[in-house]
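Asks: Here's the feature list from TrEMBL:
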TRANSMEM  21-41  transmembrane segment
TRANSMEM  47-75  transmembrane segment
TRANSMEM  87-112  transmembrane segment
TRANSMEM  118-136  transmembrane segment
TRANSMEM  231-248  transmembrane segment
């Protein structure tokens, strides 16, 4: 239910885009992308949508947009020349990058803005949990073989994609990667569900809230009807949500960069200002002594 709630909140803010009609185009791109059978073309669609959203939502001038576009073209050329990189980015953007990396960015940004030690501790706990899963993966036998087959069908390519990205040959969807996906997806949805100050549950119109509840119930019913069909249908809706969230993700990344830049400046501005003050004080005292000597 957190996904439709977040989409509802983004809808009220025009999806952080200059025109709400652009969101309709993104939804169409998502539906078309689901039908693309070529991994590289799918990756190009995901990468292109992310770049366009970043240009529209995260830049503040035409010069910034042009610079971002030029960097994106250069990176696209590098990925195209390396063969499978576009396919890899197409696999990772809607999975680990969206669900884990951008969730971490929102957590760090929230902790920085609030100055809360509790939120900062949650960031550390999140990173420690991911590290623990990767270093000490749980071991368990498969209880429901049909679920394992569906998971392999839809997430089996994440392992090889990560392997090509980090140079680890033979990486497959084992208990380590399955546990990581289960954790980051669960945390992603719970993280948004509890952000009452952002989603503002009490301000959501009752009709829209009822529609979200009905959609969530219908989605769950599809799983009981046919797990594979329900998963495919929800995968298409999830891809629409992911593309609609690209502008917010891009904006958050820019805001985090600005916050880090401001923190670095504030850290070094103090010593520099103090040094300049001491230099002026020493210069003033030297001038006074020179005046007295005359």
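Here the Cβ of each residue, glycine as well, is placed from N, Cα and C on the backbone.
Each of the listed features needs to be described in terms of its position in the shown structure.
Replies: Long-range contacts of the transmembrane segment (21-41) within the same chain: residues 11, 14-15, 49, 53, 56, 84, 86-87, 90-91, 157, 235-236, 239-240, 242-244, 246, each at least 6 residues beyond the stretch ends and with a Cβ under 8 Å from a Cβ of the stretch.
Within the chain, the transmembrane segment (231-248) has long-range Cβ neighbours (under 8 A, six or more residues past its boundaries) at 3, 6-7, 10, 15-17, 23, 26-27, 29-31, 33-34, 49-50, 53-54, 56-58, 93-94, 98, 102, 150, 154, 219, 222-223.
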